[in-house]
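**Q** Submitted below is the structure of interest, expressed as structure tokens.
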Amino acid sequence: MNVLKRCIYGISIVSLASMNIQCKGDKKVEETKLEATATDSVSIAKSEFGKTAKGEQVDLYTLKNQKGMEVNIMTYGGIITSLKVPNKAGVSEEVVIGFSNLEQYTKDNPYFGALIGRYGNRIAKGKFTLDGKEYTLAANNGKNALHGGPEGFHRKVWTVEEAKSGANATLKLKYVSKDLEEGYPGNLTVFVTYTLNNDNSLDVLYEATTDKKTIVNLTQHSYFNLSGDFTKTILDDEVVIDADKLVPVDADLIPTGKLTDVTNTPFDFRKPRVIGKDIEAKDDQLIKGKGYDHCWVLNNQDKGDRFAASAYDPTSGRLLEVYTDQPGIQLYTGNFLDGTLPMRNGGTYAHRTGLCLETQHYPDSPNQKDFPSTVLSPGENYKTKTTFKFSVK
Ligand code: GLA
């Protein structure tokens, strides 16, 4: 036990039956299996991933179920670095874009696998007003603010509140965003809990409280390539989005304020639509987005957690379904991927080799009086859930 005491730190281990510990020096944990009992079906294990330039330690958690699904999440940015699920032949393969090492994640990259906050998507000119006071955010996307700013939540080391195995495995991460960090008012305490279930679904639960009125819109920025082959684009994927309306944007991808009907447009995904079918069409919105990079107004907003969207890769047979209680979902088809960022085992991520399904409130809501509010006040609890469910057909 002496060894355990010296080796384990910074984590509340809820249940512990088998451990495999190698100490480097006298305090490092190489790998800690946080497995509870023989009846547990979904396990979680911890290992070191590296150190940031500032010397902060970053850990990697591996959640693994008995149906061939394995998810790696690191404490830096709460980033999903790897997600493996079976294809129709039962072969588990990687389906998210990622890098092989921490250093690459700390360099400029388009939010691969990251938790996004305090405000996912764009805020026009990086400005908004709350109770008559104007706040200014960094303009990190032309004139606009994108995804919480240059550091956002995606470049922060989150602490681990809980890591436990059982009928499912959970990893609860915490980050406290200080008053006026990235320009946003209020100390915001955020918890994101990832839960891997034994039915090949991954839940992402977002919770937050504030001590001053602020705005919050959290999301997850994984890029999926369900084929398991990152040299292939996602253009053959069949996508469904349960939305009658779109949030159209201007040339800077800022909402015009109107919501438009998707009927008879390339944005009608109510029946399965192959992404590549119209992506190059001379459509004003597709031209502005350089492909799909839009937020849809999800149907059944009064129903709480419900089906929102799916993507299906016919070759591998992998189906990803997304469920959420959020009003919107951004489909981004990797239009800015340009073959400059390295794949894990050589080669680079080319144009449109991943797609994102980012559940969220509509972009620029703080400046759009007719959009659902993203304001969080002291005493209120921000709580929202999204599920990524994998299967084959
Ligand atoms: C979001 C945006 C895109 C792009 C990517 C990252 O999904 O909507 O326009 O900025 O993030 O490259």
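Heads up, the Cβ atoms here are built off N, Cα and C, so glycines get one too.
All annotation found in TrEMBL is predicted automatically rather than curated by experts.
Here's the feature list from TrEMBL:
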type	residues	note
ACT_SITE	His221	active site, proton donor
ACT_SITE	Glu358	active site, proton acceptor
BINDING	Asn121, Arg122, His221, Ser222, Tyr223, Asp293	beta-D-galactose binding site
**Q** Taking only the Cα atoms, work out how far Tyr223 (beta-D-galactose binding site) lies from Glu358 (active site, proton acceptor), in Å, as a whole number.
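**A** Between the alpha carbons of Tyr223 (beta-D-galactose binding site) and Glu358 (active site, proton acceptor) there are 10 Å.
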**Q** Measure from each Cβ of the binding-site residues Arg122, Tyr223, Asp293 to the atoms of ligand 1 and list the residues where some distance is under 6 Å.
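**A** Listed by sequence, the hits are Asp293.
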**Q** Helix, strand or coil by DSSP: which one applies to Tyr223 (beta-D-galactose binding site)?
**A** coil
**Q** Using only the Cα atoms of Asn121, Arg122, His221, Ser222, Tyr223, Asp293, which the record gives as binding beta-D-galactose, return the largest interatomic distance in Å, rounded to a whole number.
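**A** 18 Å is the greatest Cα spacing among the residues binding beta-D-galactose.
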**Q** Near Asp293 (beta-D-galactose binding site), which residues of its chain come within a Cβ-Cβ distance under 8 Å, counting only those 6 or more away in sequence?
**A** Leu253, Gln330, Leu331, Tyr332, Thr333, Asn335
**Q** Whole-number Å only: compute the distance from the Cα of Arg122 (beta-D-galactose binding site) to the Cα of His221 (active site, proton donor).
**A** 14
**Q** Write out the long-range same-chain contacts of Glu358 (active site, proton acceptor), meaning residues 6 or more apart in sequence whose Cβ is under 8 Å from its Cβ.
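**A** Non-local contacts for Glu358 (active site, proton acceptor): Ile116, Gly120, Asn121, Thr219, Gln220, His221, Ile329, Gln330, Tyr332.
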**Q** If you count Cβ atoms within 10 Å of the Cβ of Ser222 (beta-D-galactose binding site), leaving out that atom itself, what do you get?
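**A** Looking across every protein chain shown, the total is 26.
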**Q** In DSSP terms, helix, strand or coil for Glu358 (active site, proton acceptor)?
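**A** Assignment for Glu358 (active site, proton acceptor) reads strand.
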**Q** By the DSSP assignment reduced to helix, strand and coil, which category contains Asn121 (beta-D-galactose binding site)?
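**A** DSSP assigns Asn121 (beta-D-galactose binding site) to coil.
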